[in-house]
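Asks: Can you read through this structure? Questions will come right after.
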Amino acid sequence: MTIAVGRAPAGRGWFDVLDDWLKRDRFVFVGWSGLLLFPCAYMALGGWLTGTTFVTSWYTHGIASSYLEGCNFLTAAVSTPADSMGHSLLLLWGPEAQGDFVRWCQLGGLWAFVALHGAFGLIGFMLRQFEIARLVGIRPYNAIAFSGPIAVFVSVFLMYPLGQSSWFFAPSFGVAAIFRFLLFLQGFHNWTLNPFHMMGVAGILGGALLCAIHGATVENTLFEDGDGANTFKAFEPTQEEETYSMVTANRFWSQIFGIAFSNKRWLHFFMLFVPVMGLWTSSIGIIGLALNLRAYDFVSQELRAAEDPEFETFYTKNILLNEGLRAWMAPADQPHENFIFPEEVLPRGNAL
């Protein structure tokens, strides 16, 4: 009698087949994250290119915003929906457009389309970094760092208008449109005096400074291990030895500042921490603006400036500038409100 000892082959279902195909080694890795990333990124970019090329903002903002109307790259934009649309998702088949594509574009449906697909596309890109890090066998700090840009995008384009009356008050997708939004935040929220904005500026500019210092220090302390005109060709990705002298760099900065990094791991974590923390804190600040929270109001200075014409500080000057931004900007920015301000209430500088 013959006895066969072995393990029955496990049945492979459709999930295993799909998992193998998604994770196959190819020029552009797909992965499970790609099922979210690639369609959403394609839709967001395609919607933005379509909107900036063909779609007007006449019905939502009373302005031209496309190449077809004469705008250029800096002035074209996919504009936010009309204020009357509230926080509707503006689905093409929804009650606002009722399947009419042209009407959907006129109402600002492309903005909601680009914003939502863009947000999920960014999340898909972060998941892509998680997925590849796990497959390669490294830690997922790239994905954690990318949470900073995601937090900024979601807070600025989604959370802020959700706290306001409608999507209308979100930034439109365009260069000059973003500049308009920055002026709006300053005029209506005094954003530059917000401590979360200050932390964001410190993080981003501090990160740029750290990047420049680190790159320059490494270039300064490269080992002279090549005969070429430059040292770039002397480096091999698989070499075991160091390519620059950490000891020399530490000695240099110890002489400059009296203190210096002596641990490469702590140094690079600090370079990760500073800009990402700046992005996170600025995102928290934007959510505060969505709720119309005030930051620093130095009322005592405002009261004294109102009583004493000779008393003025940079704070009181900025408050007057903000009033000017609101008074001059609102009629042009919100034409549907039909704001009409009498000449005597419009703030003017001393020179006028």
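Cβ coordinates are placed from backbone N, Cα and C, and glycine is handled just like the others.
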Asks: Do you know which of 26-39, 152-165, 180-193 Swiss-Prot annotates as transmembrane segment?
Replies: 152-165
Asks: Any idea which of 207-227, 249-269, 312-332 is down as transmembrane segment in Swiss-Prot?
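Replies: Per Swiss-Prot, the stretch marked transmembrane segment is 207-227.
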Asks: If you look at how Swiss-Prot annotates this chain, which of 90-106, 124-140 comes out as transmembrane segment?
Replies: 124-140
Asks: Taking the Cβ of H117 (chlorophyll a ChlzD2 binding site) as the centre, how many other Cβ atoms fall within a 10 Å radius?
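Replies: For H117 (chlorophyll a ChlzD2 binding site), the 10 Å Cβ neighbour count is 21.
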Asks: Same chain only, please: residues at least 6 beyond the ends of the transmembrane segment (40-60) with a C-beta under 8 Å from a C-beta of the stretch. Say none if there are none.
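Replies: Beyond its ends, the transmembrane segment (40-60) has Cβ neighbours at 66-69, 71, 76-82, 105-108, 110-111, 113-114, 117-118, 120-121, 124-125, 168, 172-174.
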Asks: Which bits of the chain, at least 6 residues beyond where the transmembrane segment (278-294) starts or stops, bring a Cβ under 8 A of a Cβ in it?
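Replies: Long-range Cβ neighbours of the transmembrane segment (278-294): 147-149, 151-152, 154-156, 159-164, 185, 189-191, 194-197, 199-204, 206-207.
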Asks: Below 8 Å Cβ to Cβ and six or more residues apart, same chain only. Which residues does that give for H214 (Fe cation binding site)?
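Replies: Same-chain residues close to H214 (Fe cation binding site) (Cβ under 8 Å, separated by 6 or more) are L267, M271.
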